[in-house]
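Novice: Here you go, one structure.
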């Protein structure tokens with residue numbers, strides 16, 4: 001039974017035309033009412049009995065309408081989701097992220113990923129990302145997938161390869177997206193580039209390994225202390241000297257280890273000075289342990305600074321020189337004894353010469369004695385310098401000292417500071433003695449107002465030279481002698497040969513002689529003195 005509303009009786013024909021449409025919208029009611037339907041519009045109720053065919057047609061139409069309504073609802077949901085996805089992709093695409101299927105196939109490749117890996121979108125989409133980037137996993141990939149399926153996310157460190165072939169280290173965070181039924185559908189991966197961090201860590205590891213190797217194999221002591229003098233680093237040699245393992249050494253001071261409190265305090269005073277003055281120093285320290293003989297150490301210590309340059313302690317390296325000191329002391333005793341014997345020998349030779357020439361020419365005797373004295377004076381200079389060389393100032397001053405009764409104004413000495421080799425020092429001292437003796441007898445020093453200017457300088461050239469000049473003034477005219485005396489021959493022959501250069505004495509001057517000595521710089525000066533002097537450009541001396 002169906003009741004159909006009418007506005008008026010005249011609407012009956014229109015009802016017939018609307019019959020199929022009304023039945024379609026009322027199909028659901030027919031199912032519930034068993035084929036009977038009553039509808040009222042407030043005027044009257046019309047009741048109809050429908051056939052089975054009509055009911056089936058109504059059911060089909062109702063199903064069709066319902067599907068259209070459902071599709072429209074789904075379409076609205078899809079449009080909303082697509083809008084959200086589009087907004088997500090616009091943001092996500094700028095990150096170093098990708099979307100991929102569970103099989104690894106890339107479905108979204110952002111600009112950030114392109115910058116990170118070097119592949120453009122066309123090269124990446126549809127490819128297996130793990131194969132494309134040569135991904136190395138920290139654990140088997142199956143285990144990662146199991147964690148992802150269980151927890152919905154996974155994070156770990158991955159190694160990948162850039163398009164140009166270099167390795168890239170990243171932290172990858174994977175998140176799983178599931179379907180409506182809860183089944184896994186797609187994975188979001190966001191990557192953080194840690195390549196620079198990994199490379200820095202690798203470099204730090206290598207540096208630490210190198211430092212450990214140095215600390216463990218260095219024969220000397222290597223250590224570091226804080227501002228309170230507490231040990232914060234010590235190598236194996238330092239621990240062996242202390243006789244304790246590192247846990248019993250860390251954070252303690254020398255007062256707790258050294259047998260002698262005085263030695264410990266001396267070490268800590270040195271340490272305190274270096275930290276307070278913030279400068280590097282090298283000195284010797286004496287340390288005793290377990291009642292043994294004192295051991296001597298050559299220590300180099302420097303301030304330890306933090307990143308801002310503030311002194312926070314010190315680092316030190318100490319090398320034992322106990323045996324070397326013993327050898328040096330024995331050697332020094334031998335040298336002192338040899339020097340003493342040489343001086344005694346020279347004194348004996350002088351006495352023998354004096355006795356031998358006692359009845360002869362007194363001038364000859366005096367000349368010989370003075371030559372021996374000049375040799376002894378040069379020997380004394382070298383003895384003071386341990387025969388390692390002598391300053392040219394000391395050599396010149398020592399050679400002129402016996403003739404300085406008239407006052408220092410008689411000699412004007414000038415030239416740069418140089419350190420002569422022992423052989424050159426002896427030869428120059430003897431040559432100056434002969435020039436001075438000659439000037440005292442025949443030249444400028446034979447008068448009250450005569451003077452001598454002695455100057456040495458370095459002459460630049462392919463082979464730099466040391467040039468020393470002796471110029472007399474205020475003396476009597478000097479004529480060329482008929483024969484060369486012993487002193488002149490000593491200068492022009494022996495001295496030139498000893499120096500590996502040339503020497504000359506010029507006579508026929510109006511106020512005394514002029515002498516000149518030239519020798520290769522490298523043959524007469526200690527090698528360490530040559531290069532720095534030339535680099536400084538000090539080729540000419542100022543008067544002193």
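Glycine residues also receive a Cβ, built from the backbone N, Cα and C atoms like all the rest.
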Novice: Kindly point out the range from 2-24, 25-47, 48-70 that TrEMBL annotates with transmembrane segment.
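Specialist: In TrEMBL, the transmembrane segment feature sits at 48-70.
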Novice: Compute the average pLDDT of the predicted model within the domain 'PAS' (207-255).
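Specialist: Result for the domain 'PAS' (207-255): average pLDDT 90.
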Novice: How do the residues of the domain 'PAC' (279-333) split into helix, strand and coil according to DSSP?
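Specialist: DSSP composition of the domain 'PAC' (279-333): 12 helix, 28 strand, 15 coil.
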